[in-house]
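*Asks:* Mind having a look at this structure? Questions to follow.
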Amino acid sequence: MATASAIQSSSLAGQTLLRPQQNELVKKVGTAQARITMRRTVRSAPESIWYGPDRPKYLGPFSEGTPSYLTGEFPGDYGWDTAAVSADPETFAKNRELEVIHCRWAMLGALGCVFPELLAKNGLKFGEAVWFKAGAQIFSEGGLDYAGNPNLIHAQSILAIWACQVVLMGLIEGYRVGGGTLGEGLDPLLPGGAFDPLGLADDPEACAELKVKEIKNGRLAMFSMFGFFVQAIVTGKGPIENLYDHLADPVANNAWAYATNFVPGK
């Protein structure tokens, strides 16, 4: 009896001594898991003015009748959905992913349309700096020389470029959607980890603000790309050359002047 009591007392004492350490371990593990969960699933920072019911709306104080399904949970939600395209949660999730991906491509595309032409205007020699004419250089005798330097790797086959693009982009997109050793279990739109080497999204509040900036700049870039396409069709010039022409003679070179004189096919 005494022996059993001693063993029981010893067991209780041991549990008492171990409990603080166990609690501390559980606390640390729980904190780590919470950080991982937050890093992977955080959608917004409640403190940000761009989220929640009091976020800015598309018509400011005159915005009435905001759809109930637009709660301000996601970045770029200004409460505007007159066609109710986001009413279905699955459709909304799909469209949101499509928008973010297109925003990123548009930002890269807008930079690619402007930057080479801007460099060419400042003395850097290109074979062809205008974005919608550059690709046609692959059909020339020497192929497409990068930066106008024939000593660099150059492209001579449109089929080879197409195949490389399909294969490489297909692998990257499949990896993003399906996950892999670097992206498994992470948000496909914001995987973080190895895809965020600078740690820009480590802070949830900063990440929420960056998401808003990304979607706003991406939407602007998509409109810019649309404008570049229209400029190419109407004027046959690149965006920088069109800008220079407009600054030189704003009256003769503007959207209204081209719209009133434009004849398709001429």
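Placement of Cβ uses the backbone N, Cα and C atoms for every residue, glycine included.
Look at Swiss-Prot and you will find 1-38 tagged as transit peptide, backed by a curator's inference. Summarising the annotation, Swiss-Prot assigns N2-acetylarginine to R39. Per Swiss-Prot, phosphothreonine is recorded for T41. Annotation source Swiss-Prot lists chlorophyll b 1 binding site at Y58, citing similarity to another entry. Summarising the annotation, Swiss-Prot assigns chlorophyll a 1 binding site to W80, S86, E99, R219 and lists similarity to another entry as the type of evidence. What Swiss-Prot records for 100-120, 152-172, 181-201, 220-240 is transmembrane segment, and it gives sequence analysis as the kind of evidence. Residues or ranges marked as chlorophyll a 2 binding site in Swiss-Prot: H102. Taken from Swiss-Prot, the feature chlorophyll b 2 binding site applies to R104, I153, L182. Swiss-Prot lists Q137, E214 with the feature chlorophyll a 3 binding site, giving similarity to another entry as the kind of evidence. What Swiss-Prot lists as chlorophyll b 3 binding site is S157, E173, and the listing cites similarity to another entry. If you look up Swiss-Prot, you'll see Q165, R176 marked as chlorophyll b 4 binding site. What Swiss-Prot records for Q165, F262 is chlorophyll b 5 binding site, and it gives similarity to another entry as the kind of evidence. The chlorophyll a 5 binding site annotation in Swiss-Prot covers K213, Q231. Annotation comment: Swiss-Prot describes N217 as chlorophyll a 4 binding site. What Swiss-Prot records for H246, A255 is chlorophyll a 6 binding site, and it gives similarity to another entry as the kind of evidence.
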*Asks:* Within the same chain, and leaving aside W80, S86, E99, R219, name every residue whose CB is within 8 angstroms of the centroid of the CB atoms belonging to the recorded chlorophyll a 1 site, in sequence order.
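*Replies:* Counting only non-site residues, the set is G76, D77, Y78, D81, N95, R96.
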*Asks:* Could you give the Cα-Cα distance between A255 (chlorophyll a 6 binding site) and E99 (chlorophyll a 1 binding site), in whole Å?
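*Replies:* That separation, Cα to Cα, works out to 27 Å.
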*Asks:* With Cβ-Cβ distance below 8 Å and at least 6 positions apart along the chain, what are the contacts of E99 (chlorophyll a 1 binding site)? List them in sequence order.
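*Replies:* Correct list: G76, I215, G218, R219.
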*Asks:* For each of S86, S157, Q165, count the other CB atoms within 10 A of its CB; which of these binding-site residues has the top count?
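*Replies:* Per the Cβ count, the most surrounded site is S86.
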*Asks:* Of all the Cα pairs drawn from W80, S86, E99, R219, the residues the record ties to chlorophyll a 1, which distance is largest, in Å?
*Replies:* 17
